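Participant: Next up is a structure, given as structure tokens.
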Amino acid sequence: MTVYSPPFYLRNGHLQTIYPTLFRKLGMPAYQRERITTADDDFLDLDWACVGGKTLVILCHGLEGNSTRDYIKGMVKAVNDQGLDALAWNYRGCSAEPNRQKIMYHNGATYDLNTVIQHAAGTQHYAHIFVIGFSMGGNLALLYAGQQAENIHHLIRGIIGFSVPCELSHSSRALEHPACTIYMKRFLIKLHKKLQSKSSQFPNDIIIDNYHQIKTFKQFDDRYTAPLHGFTDAEDYWHRCSCNRHLTHIRVPTLIVNALDDPFLLDDCYPHALVSANHHLTLETPSHGGHVGFILPGTTYWSEQRALSFIEQQLRSLSTCLTTPQNSAISRTLSDCCDD
């Protein structure tokens, strides 16, 4: 494992957060899209990037993200280059087409992640599955693993979360800071566009009048997220859907990487005590990295290197027939010899 050391000109959390959005431009992976139907007759769009591997990496994007975000594309390329298949799934309403049902996606929608995992495991022939989540996607992945506990799908070998808002109330409070105004406004603008589309589908249930009065996630979640998804209010939603409540129940190797200069995180988003109580968990808190940053010169970011290192470590621990993969890469031979 290497500790993240940023370029000298990117030793600020806000720069780390903003820089990839402005300057990281990666080509689109050769996705093959598959649409699957959910139990409530909605749909999820899955973007597969397959190279014939026996290990699958499922990627969970952040708030208002999708499979075309550069942090997703970067991780897809990184795992494909090591002979691993990737599946970047889009949350409800995040694949450029409104979903059918009134409900959308949120931090606690682990039922959709479970649908994706069950589908991928049941229709392909993988020996191992890893789940990587970014920001909201990290909370979703960790919450899923904690809720499933010992009943997690037997092919899941590990969970990785980068820039995870482990305590949603604290992350929401962080984004109310004046220094985060630019992020908050950006999120609210994107969410407004989505709600406009949903309002045309469900005009009696989703009212967007006076949306401009909303300035915080508490106001947004009180008005929309909570009532649409069965929560009492924002506080109830945050409490029930924060992964911190379930970290002690996780039973698969899990890595959480939260930079100390992440402008989206506060206090209990760094759950040292909870991690110490569960030997399956590892929490790394590099001094730098911002929110979903971890930038390095060149096309590969440190988060991608760290994820591959973790996956390699887990596959090695499963293997009884290989010692060291050549050139420290995750070789396909390793996956082959560990086939269930």
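Glycine is treated like the rest: Cβ placed from N, Cα and C.
Just so you know, TrEMBL annotations are computer predictions that nobody has curated.
Bear in mind that the values here come from a model prediction, so they are computed numbers and not experimental data.
Okay, so TrEMBL annotates it like this:
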{"type": "DOMAIN", "residues": "54-264", "note": "domain 'Serine aminopeptidase S33'"}
{"type": "ACT_SITE", "residues": "Ser135", "note": "active site, charge relay system"}
{"type": "ACT_SITE", "residues": "Asp262", "note": "active site, charge relay system"}
{"type": "ACT_SITE", "residues": "His291", "note": "active site, charge relay system"}
Participant: Between Asp262 (active site, charge relay system) and His291 (active site, charge relay system), how many Å separate their Cα atoms?
Facilitator: 5
Participant: Ser135 (active site, charge relay system) has how many other Cβ neighbours within 10 Å of its own Cβ?
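Facilitator: Taking every protein chain into account, the count is 24.
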Participant: For His291 (active site, charge relay system), write down the residues of its own chain that are at least 6 apart in sequence and whose Cβ falls under 8 Å from its Cβ; none is a fine answer.
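Facilitator: Correct list: Gly13, Gln16, Thr17, Ser135, Ser163, Ala259, Asp262, Pro263, Phe264, Leu265.
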Participant: When a 10 Å sphere is centred on the Cβ of Asp262 (active site, charge relay system), how many other Cβ atoms does it contain?
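Facilitator: Other Cβ atoms found within 10 Å: 30.
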